[in-house]
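What follows is a single structure, written as structure tokens, with notes after it.
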Amino acid sequence: MAGGFVGGATGKRVEHYEGRITGYFILACLIGSLGGSLFGYDLGVSGGVTSMDDFLLHFFPSVYRRKQEHLGETDYCKYDNQLLTLFTSSLYFAGLLSTFAASPVTRKYGRRMSIMVGAVSFFLGGAVNAASINIAMLIVGRILLGFGIGFGNQAVPLYLSEIAPAKIRGAVNQLFQLTTCLGILVADIINYFTEKLHPWGWRLSLGLAMLPAGLMFIGALFLPETPNSLVEQGKLDEARRVLERVRGTDKIEDEFKDLVEASEAAQAVKHPFRNLLKRKNRPQLVIGALGIPAFQQLTGMNSILFYSPVIFQSLGFGSGASLYSSIITSSMLVVGALVSMSLVDRLGRRFFFIEAGIQMIISMLIVAITLAKEFGHGKELPKNIAGLLVFAICTFVVAYGWSWGPLGWLVPSELFPLETRSAGQSIVVCNNLFFTAAVAQFFVAALCGLKYGVFLLFAGLIVIMSTFIIFLLPETKQVPIEEIYQLWEEHWFWKKIVGRSRSNEVGKGSTSI
């Protein structure tokens with residue numbers, strides 16, 4: 001549960017951690033994971049709203065007119081409008097900036113405080129969006145939502161990783177992804193019905209974002225801070241009480257000692273961001289902070305989530321049919337998340353990354369080849385071809401749902417020691433949101449310019465990221481966070497970078513900075 005590279009007894013004490021799954025632990029996990037529902041609801045709702053006629057007519061009349069002129073036709077460029085895509089991407093640019101504020105808050109005041117700040121900001125953003133009368137209000141609301149996302153995505157994966165026992169850490173951490181997927185599904189279902197409520201249905205879709213934000217804030221009032229964070233703040237007695245209550249036993253001495261030693265090592269690090277650049281932290285920087293968060297977005301998955309109604313309408317589906325198809329794809333995302341939660345701690349992280357990579361590449365090739373032959377000629381797609389596209393996209397989505405979706409958050413949260421964990425998670429979220437925003441801003445333009453080639457581009461990127469995983473990521477399943485450093489020392493490539501420095505540090509009972 002704890003991170004950091006601490007005394008020589010740490011590795012031995014891990015085997016003696018005691019505890020059981022308590023109701024208090026389950027409640028803490030459920031409330032903490034609600035942060036994913038904020039992220040998921042926005043992913044689902046923004047794409048659906050931007051395909052609604054009432055919304056387009058009110059804010060983007062030129063896009064509405066072009067849509068009506070080509071209604072029912074295949075048209076790659078039907079929604080190519082940079083101001084419209086800014087409505088989506090502005091949230092993620094704001095989230096990117098807010099991560100720099102979230103890191104010191106998370107470290108100094110705790111994971112719980114960051115979760116509460118994120119909930120308040122998201123609630124205000126939903127209210128402003130629902131009341132918007134012009135584009136400026138829309139963007140302000142999106143920026144507030146972005147601040148909420150930045151704080152929530154910073155704190156929630158850390159919270160879940162730190163409060164979970166090592167043996168089920170993978171499944172617990174993936175509650176974040178599961179609630180994200182459920183948020184997307186709920187948003188798609190809501191969009192399907194609110195699209196029929198003229199002319200204010202889009203306001204209801206956007207305003208309902210306040211509901212999960214309100215629930216998360218209220219729940220956070222009763223949420224325990226993680227023992228890791230309490231130790232980090234010097235509240236040792238409270239940390240011990242919380243650990244005993246979460247584990248359901250007073251035999252927590254071994255785990256508590258590891259927490260204290262890890263915190264002492266972390267306190268010695270005065271510049272955690274600078275510390276991340278040291279050779280001993282190079283694997284975490286390259287894999288956890290830079291590689292995986294960027295690749296998660298470059299799969300192209302969030303483009304499909306953002307714009308699935310837009311994509312399906314561009315493929316010649318009607319407005320209602322496109323939203324219905326979005327419900328199907330988001331349901332596949334939930335299925336994938338459930339599969340991953342059930343099996344990730346048995347089959348391992350690498351298995352899901354590699355298997356899903358193959359499945360996603362094949363799916364993107366099917367979509368690209370089908371579109372190259374049948375699409376973009378100003379005609380309606382035959383039903384069998386439309387069905388094939390929906391099937392291929394669903395196959396892609398379910399593979400992402402059990403791989404890059406949940407593991408893109410789980411694996412980075414496992415890699416960082418306590419002394420750099422908050423800083424590392426800030427870079428993870430910042431990097432993730434940067435690529436999320438970039439892909440959101442330019443995907444529709446790329447679809448217009450590259451046509452079916454954009455899906456070939458994504459297939460090529462998935463080949464690169466799968467190769468990255470195969471050669472550079474060791475298996476982390478059921479490895480306590482305290483012992484992750486040993487994986488780098490035994491890895492064929494990373495051992496050349498980190499050497500045996502950390503083992504020497506452990507043997508001396510100290511941490512070098």
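Even glycines carry a Cβ here, placed using N, Cα and C.
As recorded in TrEMBL, the features of this protein are as follows:
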type	residues	note
TRANSMEM	21-41	transmembrane segment
DOMAIN	28-477	domain 'Major facilitator superfamily (MFS) profile'
TRANSMEM	83-102	transmembrane segment
TRANSMEM	114-133	transmembrane segment
TRANSMEM	200-223	transmembrane segment
TRANSMEM	285-311	transmembrane segment
TRANSMEM	323-344	transmembrane segment
TRANSMEM	351-372	transmembrane segment
TRANSMEM	384-405	transmembrane segment
TRANSMEM	426-446	transmembrane segment
TRANSMEM	452-473	transmembrane segment
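Segment contact is absent for the transmembrane segment (200-223) and the transmembrane segment (351-372), given fewer than three CB pairs below 8 angstroms at sequence separation of 6 or more. Counting residues 6+ beyond its ends, the transmembrane segment (114-133) has Cβ neighbours under 8 Å at 32, 35, 38, 59, 98, 102, 105-106, 140-152, 154-156, 159, 203-204, 206-210, 212-214, 216-217, 220-221, 223 in the same chain. Taking residue pairs at least 6 apart in sequence, the transmembrane segment (21-41) and the transmembrane segment (384-405) share fewer than three C-beta contacts under 8 angstroms. Fewer than three CB pairs closer than 8 A are found between the transmembrane segment (351-372) and the transmembrane segment (21-41), and contact between the two stretches is not assigned (pairs 6 or more residues apart).
Only residues 6 or more beyond the boundaries of the transmembrane segment (21-41), in the same chain, are considered here, and those with a CB under 8 A from a CB of the stretch are 111, 115, 118-119, 122, 148-149, 152-153, 155-156, 159-160, 163-164, 168, 172, 175-187, 208-209, 212-213, 215-216, 219-220, 222-224, 245-248.
In the predicted structure, the domain 'Major facilitator superfamily (MFS) profile' (28-477) carries a mean pLDDT of 85.
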